[in-house]
Amino acid sequence: MFLFDLGGFFAVQFLWLSLIGDILGVFCIPLFFLVLFFFGRILALIGAATGSTLVRVAQLVLRSLQRNILRTSLSFLATFVLVLVVTLIWSVLTFLDRVTAEKETDLKAIITEKFQIPSQMPLKYANSLMNLAEEMPEEFRPKNGDMDLMTWQFVGATLDPAKRTFENTLFFFGMEPKKVLSMMDGLDDLTPEQRKQLDDTCKLMEDNIRGVVLGQARLTKLNKRVGDRIKATSINYKDLEFDFEIVGVFPPGRYDESALMNRDYLLRAMDDYKKQKGVPHPNEERTLNLIWIRLPNRQAFETLAEKVNSPGAFAVPAVKMETASSGIASFFDAYRDLIWGMRYLLGPAILATMSLVIANAISITVRERRTEMAVLKVLGFRPWQILLMVLGEAMLIGLMSGIMATSIAYWGVYFAGGLKFPIAFFPAFFVPIDALWWGPAIGGGTAFLGALFPALSARTVKVSEVFSRVA
């Protein structure tokens, strides 16, 4: 049922992407013809100055595209939408490949409870792990000491315990604020301004133990703003209440729905509970959900993993240690078939569709212009020049639509704060800079393949046969 619902959700997302692509493509059509017009003016000047045959062929390509505006527009629109969709799909897959790729140096390790999900470990495990790391040879130790180890404590809370809804519910990461920028994933691509802003916010959290940082989307759903105070009742820590002050917002993107609190506030709340009730909180020895530690190389990881797995080191509860990439990959098990389908079925199907669209449009054009091809041969055009002309028409549509589609995808997703396409704990994805060459490559490549056979057909047009039919 989960995968069925998930598949339905992604199907709706693809429909929305296609609809948005259609709208954007329609607005780009006038720009496409404007570019053709300016190219035509430039080629006219070059042709007048040089008399080059290739320039004459290029001019014929532009005139042909402007002759049947409707067909050219539809071909451009179809290619634009398909390039846009496949670019966004590849962006998601590229990101997933990157976060699950095994690293040999400067890698992060994750320590979690071995036999239970969610993991619930005593906080003292963090100190024990750091002590084990410090016992290793110097070349294997964390380069920055304690700054290379970060604990994660998950706190679910609601603003209205009597009427809990998705909108008034928060999921906090309890952390040490000073380690956020260096240890949290997804912050390496921040601009200098965003990095400074988040750094200043984390310093405020150190000074104000009640300070929290929220994602922009979560802040909007709560109808709050920076500076507001909120009272939250914990969901997973019974009888704990928190008085928070919103001191900042995460940069747009991956953490739009997240919330960050100072872990010391949780520990203080535990101490207050013990003082008031006279007994420790039931979860006092189970507050630690994850430990991340950065190690210099894979040999250091294997050495520390051996120490962690040795009998008696972490016995109750038992723990497991794995690289961050393999830990993240395990979260994608439920999505494995879906990701496989995106990579090996949907992506290739879109590329094949693009080639068929171009092939169909160019085939119709060639059939309608057989007489023109024959006349060009009579006028002295060589078969290879006619081949170039037909291929040029298709590839110009493919290249231009690819450039426009990926440029809009890159900048549009950037300014929108990411592509909202949630997979596991990644709520949003960005289009990589490499996509700016994907578009021309996809559009031009599929156009070439789609137009190759119609172009070869046009190249072999026989003048005698064409004029005998006309006669």
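Each residue, glycine too, has its Cβ placed from N, Cα and C.
These numbers come from a predicted model, not from an experiment.
The domain 'ABC3 transporter permease C-terminal' annotation in TrEMBL covers 350-460. According to TrEMBL, the transmembrane segment annotation covers 12-35, 42-62, 74-96, 344-364, 384-404, 411-430, 436-456.
The DSSP breakdown of the domain 'ABC3 transporter permease C-terminal' (350-460) into helical (H, G, I), extended (E, B) and coil residues amounts to 86 helix, 9 strand, 16 coil.
For the transmembrane segment (344-364), same-chain residues at least 6 beyond its ends with a Cβ under 8 Å from one of its own Cβ atoms are 71, 74-75, 78-79, 82-83, 85-86, 89-90, 93, 390, 393-394, 397-398, 442-443, 446-447, 449-451, 453-455, 457. When Cβ-Cβ distances under 8 Å to the transmembrane segment (42-62) are tallied for each of 74-96, 384-404, 436-456, the top count falls to 384-404. Within its own chain, the transmembrane segment (384-404) has Cβ neighbours under 8 Å at 25, 28, 31-32, 35-36, 53-54, 57-58, 60-62, 64-65, 72, 75-76, 79-80, 83, 354, 358, 361-362, 365-366, 373, 376-377, 438-448, 450-452, 454-456, 458-459, 461, counting only residues six or more beyond its boundaries.
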